[in-house]
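Report on the following structure.
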Amino acid sequence: MPIGIFDSGIGGLTVFKEIAASFPKVDLYYLGDTARVPYGNKSKTTIIRYSVECASYLYHNYNVDAIVIACNTASSYALDTLREILPIPVIGVVQPGAESAVKVSKNKKIGVIGTSATIKSNSYFETLKSLDKDLEIYQKACPLFVPLVEEGWIDNEVAKLTVKEYLDDLVKTGIDTLILGCTHYPLLKNTIKGLYPHLNIVDSSVAIVEHLKNIKLNIEETGKRKIFITDESHAFDKLKNMLVGDIKTEKIELSDLCSL
C-alpha cells in the first residue's frame with residue numbers, strides 16, 4: 001500500500017520522517033510544493049486548488065492507496081474536498097493533533113499556533129471544542145515561522161527572538177500544552193522547548209502514525225522512498241538531508257500538476 005504525502009514545502013518532511021520510521025516497508029511518495037510555498041497566506045479557493053492538484057498528482061501517477069495532507073493549512077480547508085473526490089482514505093493533521101493535545105493537557109488550557117490561514121479557519125478551535133467543551137483555547141498566527149524554517153534558520157538568534165515575539169504573551173495565558181499547528185513548526189521545536197521547558201509540545205506527525213495504523217497497510221512492499229518538489233530549493237535539500245537522509249529529490253513542473 002503506497003502512501004502519498006504532500007505539503008507546501010519542507011514542513012511535511014517531519015511527517016514523512018515519522019511515517020517512514022514506523023512503516024519501513026511501505027512505499028512513500030512525498031510532494032513538496034516549493035514553487036508555491038507558503039499556503040498560509042493564500043485564499044481558501046487557492047488552497048483547495050493547490051491541494052487537489054498535489055493529491056491528484058500522487059494518486060494518478062503513483063497509484064497511492066492513502067493520502068496524508070502533511071500541511072495544517074491544506075488540512076483546514078481542503079480535507080473535505082479531497083475526501084469527496086478521491087476514492088481512497090485521506091488523513092489530515094488537525095484531528096490527530098487535537099486529540100493528542102487533549103490527552104496530555106492537565107489544566108485544559110491549550111495554545112495553538114499556525115499560519116494565518118489555519119488560525120483564521122478555526123479548525124483547531126472547533127475540533128478541540130468538539131472533544132472537550134470545557135477547554136480554554138488560545139490561538140496565535142505565526143506567519144514568519146514558515147519563512148524561517150524554509151531558510152533553515154531554526155536554532156539561531158533570529159529564530160529565538162522571533163519565537164519569543166510570537167509566544168511570550170501566549171504562554172502568559174497559563175497554557176500547559178502547545179499545538180504546533182503547522183508541519184514546518186516541529187523544526188523549531190527545540191528552540192520553543194528551550195525557551196518554554198514547562199510546555200507540552202504537540203507534534204501531530206506522531207499522532208498521524210497512529211491513524212495510519214488503523215488502515216490495512218501492505219507491508220510486502222520494498223520501502224521505496226521518492227521525494228518531489230515543484231521548484232529547486234537549497235534550504236529544502238539541506239533540511240531534507242538532516243531529517244530523512246540522502247533521498248534523491250526530483251523536480252516536477254507545475255504544469256504537470258495543473259494539467260490534471
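Residue positions begin at 1 at the first shown residue.
The backbone N, Cα and C atoms fix where each Cβ goes, and this holds for glycine too.
The annotation active site, proton donor/acceptor is assigned in Swiss-Prot to Cys71, Cys182. Look at Swiss-Prot and you will find Asp7, Ser8, Tyr39, Gly40, Asn72, Thr73, Thr183, His184 tagged as substrate binding site, backed by sequence analysis.
For Thr183 (substrate binding site), the count of additional Cβ atoms within 10 Å of its Cβ stands at 34 [all protein chains shown].
Cβ neighbour count for Ser8 (substrate binding site) (all protein chains, 10 Å cutoff from its Cβ): 33. The Cβ of Gly40 (substrate binding site) has 26 neighbouring Cβ atoms from other residues within 10 Å, across all protein chains displayed. For His184 (substrate binding site), the same-chain residues that are 6 or more apart in sequence and have a Cβ closer than 8 Å to its Cβ are Gly9, Ile10, Gly11, Thr14, Phe145, Val146, Val149, Glu150. Same-chain residues that are not part of Asp7, Ser8, Tyr39, Gly40, Asn72, Thr73, Thr183, His184 yet have a Cβ within 8 Å of the Cβ center of the substrate site turn out to be Gly9, Gly11, Gly12, Val37, Pro38, Cys71, Ala74, Thr115, Thr118, Val146, Cys182. With respect to their backbone Cα atoms, Asp7 (substrate binding site) and Cys182 (active site, proton donor/acceptor) stand 10 Å from each other. Annotation for Cys182 (active site, proton donor/acceptor): spatial neighbours Gly11, Gly40, Cys71, Asn72, Thr73, Ile113, Gly114, Thr115, Thr118, Cys142, Phe145, Val146, criterion Cβ-Cβ under 8 Å with sequence separation of six or more. Secondary structure from DSSP puts Asn72 (substrate binding site) in a helix. Site extent for substrate: among the recorded binding residues Asp7, Ser8, Tyr39, Gly40, Asn72, Thr73, Thr183, His184, the largest C-alpha separation is 12 Å. Its Cβ placed at the centre, Thr73 (substrate binding site) has 33 other Cβ atoms within 10 Å.
For the recorded site, Asp7 (substrate binding site), the DSSP three-state label reads strand. In the shown protein chains, 26 other C-beta atoms lie within 10 A of the C-beta of Tyr39 (substrate binding site).
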